[in-house]
Amino acid sequence: MFLAKAILEGADRGLGGALGGLLGGGGQARAGGGNIGGILGGIVNFISEAAAAQYTPEPPPQQQHFTVVEASESEEVRRFRQQFTQLAGPDMEVGATDLMNILNKVLSKHKELKTEGFSLDTCRSIVSVMDSDTTGKLGFEEFKYLWNNIKKWQCVFKQYDSDHSGSLGSSQLHGAMQAAGFQLNEQLYLMIVRRYADEDGGMDFNNFISCLVRLDAMFRAFKALDRDRDGLIQVSIREWLQLTMYS
């Protein structure tokens, strides 16, 4: 067994060390397409009109049987579920290719973000850190959780991209990370910049989202393992490899 020590607010160096090896994702463009344009159009409407809001990491989504949750759903969520059902197919899950098509369809409607889109490799990375049941795909609750986060983070990106360059510079990025709900120490912040920013220190939208998806997943994983809430976790080598290798 070995001990991974971290404080969730990011002030302790242990969090920087623990998360540093887990940071991955990012990538360049690959166009979405296929025969799902009509279905995607319906889903895109739910993200295109997102209101500005700050993000606070939430508990991981719980998988529930459709009949349990449908009775208490709002009309918007019910319509969203119907669109998801058409897109997901009989297994009721979406994979990395479907996710790439959806995200790039959304980005095509937001020219101000000035990004070429998400690559398939980036979407595989996003799926892996969001895939709580390790099926290699996202179920409805996982997908909805991701979707809601992207809506909020899109608003944060727009708010801090004050020069409309499509990229967050060093001074903008610090504020954007805090507005997204992540209080990071300087060591971890610099590691993130080195991993996700370009040579000039700027971070575009798809790398910003990739970074926050992974940060959110790592915070949630730590909280789940820190059962007595003392800021310490103890994991076996097998648990550590399962946590780090798949994500």
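Each residue, glycine too, has its Cβ placed from N, Cα and C.
Look at Swiss-Prot and you will find Ala88, Asp91, Glu93 tagged as Ca(2+) 1 binding site. The annotation Ca(2+) 2 binding site is assigned in Swiss-Prot to Asp131, Asp133, Thr135, Lys137, Glu142. According to Swiss-Prot, the feature Ca(2+) 3 binding site maps to Asp161, Asp163, Ser165. The Ca(2+) 4 binding site annotation in Swiss-Prot covers Asp204 and is backed by similarity to another entry. The domain 'EF-hand 1' feature in Swiss-Prot is assigned to 118-151; the stated evidence is sequence analysis. Positions annotated as domain 'EF-hand 2' by Swiss-Prot, on the basis of sequence analysis: 148-183. The annotation domain 'EF-hand 3' is assigned in Swiss-Prot to 184-212 on the grounds of a curator's inference. Residues or ranges marked as domain 'EF-hand 4' by Swiss-Prot: 213-247.
When the binding-site residues Asp131, Thr135, Lys137, Asp204 are compared by Cα distance to Asp161 (Ca(2+) 3 binding site), the shortest distance belongs to Asp204. Within the domain 'EF-hand 1' (118-151), the DSSP-based counts of helix, strand and coil residues read 23 helix, 1 strand, 10 coil. For Lys137 (Ca(2+) 2 binding site), the nearest of the binding-site residues by C-alpha distance turns out to be Glu93; the candidates were Ala88, Asp91, Glu93, Asp163, Ser165. In terms of DSSP secondary structure, the domain 'EF-hand 3' (184-212) contains 19 helix, 2 strand, 8 coil. Between Asp133 (Ca(2+) 2 binding site) and Glu93 (Ca(2+) 1 binding site), the C-alpha separation comes to 11 Å. In the predicted model, the domain 'EF-hand 2' (148-183) has a mean pLDDT of 91.
Comparing the binding-site residues Glu93, Glu142, Asp161, Asp163 on other C-beta atoms within 10 angstroms of each C-beta gives the minimum for Asp163. The number of other Cβ atoms within 10 Å of the Cβ belonging to Lys137 (Ca(2+) 2 binding site), over all protein chains shown, comes to 20.
Ser165 (Ca(2+) 3 binding site) has its Cα within 10 Å of the Cα of these binding-site residues: Asp204, taken from Asp91, Glu93, Asp204. When other Cβ atoms within 10 Å of the Cβ of Thr135 (Ca(2+) 2 binding site) are tallied across all protein chains shown, the result is 13.
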